Amino acid sequence: MKNPKSQQLTIYNTLTGQKERFEPLNPPYVGMYVCGPTVYNDVHLGNCRTFISFDVVFRYLQHLGYKVRYVRNITDAGHLENDADEGEDKIAKKARLEQLEPMEVVQRYTVGFHRIMERFNVLPPSIEPTATGHIVEQIQLIRKILDKGLAYEVNGSIYFDVKKYMESEPYGELSGRNVDELIAGTRELEGQSEKRSPLDFALWKKASPTHIMRWESPWGEGFPGWHLECSAMSTKYLGEQFDIHGGGMDLKFPHHECEIAQCKAANNKKPVRYWMHANMLTLNGKRMSKSTGNTLLPQEIFSGQNAFLSKPYSSAVVRFFILQAHYRSPLDISDEALQASEKGFRRLMEAKETLSHLKAGTVSDWDVQSAMARVYEAMNDDFNTPVAIAELFEIVRYINLMKAGEQHLCEKDLTELKDFFHRMVEDVLGLKDEQRSMLDTARLDAVIQVLIDMRQKARQDRNYALADQIRDQLLKAGIQLKDTKEGTTYTLL
Ligand SMILES: Nc1ncnc2c1ncn2[C@@H]1O[C@H](COP(=O)(O)OP(=O)(O)OP(=O)(O)O)[C@@H](O)[C@H]1O
Ligand SMILES: [Zn+2]
């Protein structure tokens, strides 16, 4: 471990309702699973908030020296329109409406999702399994549950028997749902479906003749249940028990509750040690959601093309805005809040630039070690990014005082601060100065243009040796010149 503070990382575990010291099952390895998007539509900023939150968890665990296997799936089948196992498959519906193959829908929105994640500087997970790529594993898992007598078949569909399961295990622990109330709330549905109880949920659904996405199974042609997919994919890559499972808090019930029940039924083990749930991003005080249309899309923010916004905002500013709230707190997006984040972000980036040019003094006259420790304390306190950012701004204040010559750091402290600041801002929080990289590109462009002009002049002077030398040396540096009728252009190899 790089920092002694890492020993004290605590995580709020939804299952126990408490902050707990993080102790991985097999240190230094950490297994983490996060429910990925259902790729039937463009991701909205709410979805992005959850993935950015877990990106920081992934980055910070790595920063602490853990070897993290991060699995984030793609749901490309089986997610029905409502939680009661009824309605159309979300992807099949989109395919029907747009007259596309379901896999065309999946491909389009998976590619779009990856692009947006890259824009937000979200690292790719270690494994990104798809539900349709794991049908065999899902059938095996259903078989195990059937063998335990905790699921039953009706007319080609398999349902999980919640009441039977509850004879030996609690159900509703994660979401804190009272099962008696759940039963009371669904009583009127009793007898209306082929399920023995409205509490039961589908592990496998028989495909109706018109259902497009269908697979062969021991129970006839059908498709897997959404909850089952995540259980099969998480345990395949992370084992029957793993460290962290995350997702948005809207997934606690029924999705994650069902995941726990399925895994316990199959393997007699609690699958997950730490359940983490990210709170919702709201727009006009209401949850951002694809289904209700109350959304703001990343593209709309980057282009400023939305009546809600006064101007465009960069992805780094939006990422910063998201990290200024704790992942377990609700966050409402507004133009004013984004403007404030933009100012804060610029101040942070300017301080980073200033710091890189600062020269050391002979002694340190402020306590940089404690200042850095406070940032770690915040991160170790259940990834408290808003407090960590506030502590970074305290350091920014000193950076500006050092620039004015009013404070100093000795060589050793200054070197440590430069390294720390870079790692915390860029590697852990994932905040990169886009203006700076745009500036770098513009500078590179100008430098190459000077060389192109010099080569042109050398040719006019019949100094072909020099002209070739410029071309060859640029090529060695990975810059290829191309002579066209319109002039010379370049490509970066
Ligand atoms: N408003 C939101 N704020 C934060 N996270 C969200 C929000 N809405 C969804 N998520 C999270 O985004 C992830 C992907 O969600 P998914 O693709 O299943 O659909 P969805 O956005 O929940 O669909 P819908 O918006 O139609 O309810 C999940 O972890 C989910 O909890
Ligand atoms: Zn899931």
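The backbone N, Cα and C atoms fix where each Cβ goes, glycine too.
Residue environment of C35 (Zn(2+) binding site) contains 23 other Cβ atoms, counted within 10 Å of its Cβ in all protein chains. Residues or ranges marked as Zn(2+) binding site in TrEMBL: C35, C230, H255, E259.
If you look up TrEMBL, you'll see 37-47 marked as motif ''HIGH' region'. Taking Cβ pairs closer than 8 Å, the motif ''HIGH' region' (37-47) reaches residues 74-76, 79, 90-91, 93-94, 105-106, 109-110, 112-113, 116, 248, 280-281, 287-290, 295-299, 301, 318, 333 in its own chain, all 6 or more past its ends.
Counting only same-chain residues 6+ beyond the ends of the motif ''KMSKS' region' (287-291), those with a CB under 8 A from a CB of the stretch are 41, 44-46, 250, 280-281, 333. As annotated by TrEMBL, motif ''KMSKS' region' applies to 287-291.
Under DSSP, K290 (ATP binding site) is assigned to coil, being neither helix nor strand in the three-state scheme. Annotation source TrEMBL lists ATP binding site at K290.
If you look up TrEMBL, you'll see 374-437 marked as domain 'Cysteinyl-tRNA synthetase class Ia DALR'.
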For the Zn(2+) site built from C35, C230, H255, E259, further residues of that chain with CB within 8 A of the site's CB center: W226, H227, E229, S231, S234, H245, G247, L251, H256, C258
Contacting binding-site residues, sequence order - C230, H255, E259 vs ligand 1, Cβ under 6 Å: none
Cβ-based isolation winner (fewest other Cβ atoms within 10 Å) among the binding-site residues H255, K290: K290
Those binding-site residues in C35, C230, K290 whose CB falls under 6 A of ligand 2, listed in sequence order: C35, C230
Per-residue pLDDT averaged over the domain 'Cysteinyl-tRNA synthetase class Ia DALR' (374-437), given as an integer: 96
Structural state of C230 (Zn(2+) binding site), classified by DSSP into three states: helix
Pairwise CA distance, C35 (Zn(2+) binding site) versus K290 (ATP binding site), rounded so that it is a whole Å: 16
